[in-house]
Structure formats: structure tokens, C-alpha cells
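S.K.: The structure that follows is given in the form of C-alpha cells.
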């Protein structure tokens, strides 16, 4: 089974810097697993790694989608599963837990949204529901949602019934997950400092440009949403900063809980450890030497 190393952790924990050092040591390549950094132009507010910081390490799924386009977890799952087998030593790096889990496990996600006129083309939803029930009686389905019924109907011709795919928790790869943990007080201090650094680098100007050039882009992202509200005159800059810090800190706490509950085994390392890199190298070396299932 193909081996993959995951470096995860909250914002400001040092995932990016550590992953570069590890990729250099093991001659690996990095796959981005941050749902915002996939987009172009969303740079400062997402703490996206710069070309210089990449230090000649090849990065995948970073900066690849225009802000005017939509890229969801379904797209990521398809793309990342094509990329992983092509890399000798792949490192999946980021804090988006669902994206990481979608890459590692045998989950099925809905595809693209159905066209608006699709429902109009189907004469009888009840008739479609009846066909689905007959062909796949074990499928758990929201019978009041026409889109779900049509989607289930579309999948009937696949070789595997959707009921057979539901609830899978089967790993597709032999994976190692290293989670960088950080003391809460220091985490909050770092979040405050990073926000000030982002503002100094031109975060407000970045959001202003994005809203003008790509008004249809998704700004429902911590940081971008609050700065946009400030630019619209709905809140003050101080209120925006307070909200960003509070929401980022709460999100970081949820990330830790999520990873501890959802990903096993999980190697937790203190992000502030003096020998962080050496600890990670030893864990990875042992993992790479171990025979896969």
C-alpha cells in the first residue's frame, strides 16, 4: 500500500516550515491540504507559502484555482488521489481536516451541483424514487430532497451500489499523521501577531482587490469575511481584528478536537519543542521502514 505522511496542526503551529525541512530530508514533495490556499490571489490572509519559502520543493494543489471558480472537497478528493501515487514520498500538509480525511479514506462525496433545469426535465420524482428503492433497497436516502433522489437515480448504473459505499472508513493509503500541538496561550499570542503581520503586508488591500475583481468569489472565510465587512463600513477595523482573533482561536481548538477524534493513529508533537524536526524525522523513518499492509 502506498505510504503518505500527513503534517497537520492549527494555524501558526509551524506546519509549513517543518514540512519544507522534512520534504528536503526525505526528498519528498508537498501536497497542499488547505482549502483556501488552493485558490489564487487568496495569499496574505491564508498565510500561503511564497515561492521563495518553497525552497525548490515541488508543491501540488497550491494556487491552482481562479477566485471566480468553485473548487470543493469532491474536486480535491479526485485530484489528490491522482497525485499521491505519482510521488515517491508524498507529504500532505494543512489544517483542513475533512480534506485530509477525504484523501486518506474510502469516502464517497456528491459531485457537482445539478443544473437548475434538471428537475424540470424529470416528469415524476416519485417514479424515480420508486426505481431507486427497487434497485438499491438498502440505500439511506432523504426522500424529501429531489436533488438527492435524482443523484441516487444517476448512480444506479454504476458497478457498485451507493448503499455499499456509505459509511466506509477504509484507508486507501498507509498513512502517518503528525499533529503539531501548541500551548493555548502561546497559540493566541501567535494568532494576534500573525494578524498584525498580515495587515502590515497588505491584507486589507488584498481583500479590497478581490472584492472588486472577483465579486462572485467565496469570502465566507475567517479573516476575509471580517475585513470585507470592515471595507463595507459595517464594522470598525478594531472590531474586525477582534472577530478574526476570536474565530481563529476557536477554530484552532475545534481542529485539535477533530483530529484527535477522527484520525487514528495520531502522533502528537509539541510544536515548540527544541528538537521538533528530529522527533518528526525519527517517527517518519520508522514509518517508512515498516512494511505496508
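From the backbone N, Cα and C atoms, a Cβ is placed for every residue, glycine too.
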S.K.: Could you tell me which of the ranges 34-37, 38-41, 42-45 is annotated in TrEMBL as region 'Interaction with substrate tRNA'?
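M.R.: From TrEMBL, the annotated region 'Interaction with substrate tRNA' range turns out to be 34-37.
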S.K.: Give me the mean pLDDT over the region 'Interaction with substrate tRNA' (34-37), rounded to a whole number.
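M.R.: Computed over the region 'Interaction with substrate tRNA' (34-37), the mean pLDDT is 95 on the 0 to 100 scale.
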S.K.: What other residues of this chain sit with their CB within 8 A of the center of the CB atoms of 11, 12, 13, 14, 15, 16, the recorded substrate site?
M.R.: 9, 10, 17, 47, 95, 180, 271
S.K.: What are the other residues, in sequence order, whose C-beta lies within 8 angstroms of the center of the C-beta atoms of 9, 10, 11, 12, 13, 14, 15, 16 at the ATP site?
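M.R.: Near the ATP site, the remaining chain residues are 95, 180, 182, 271.
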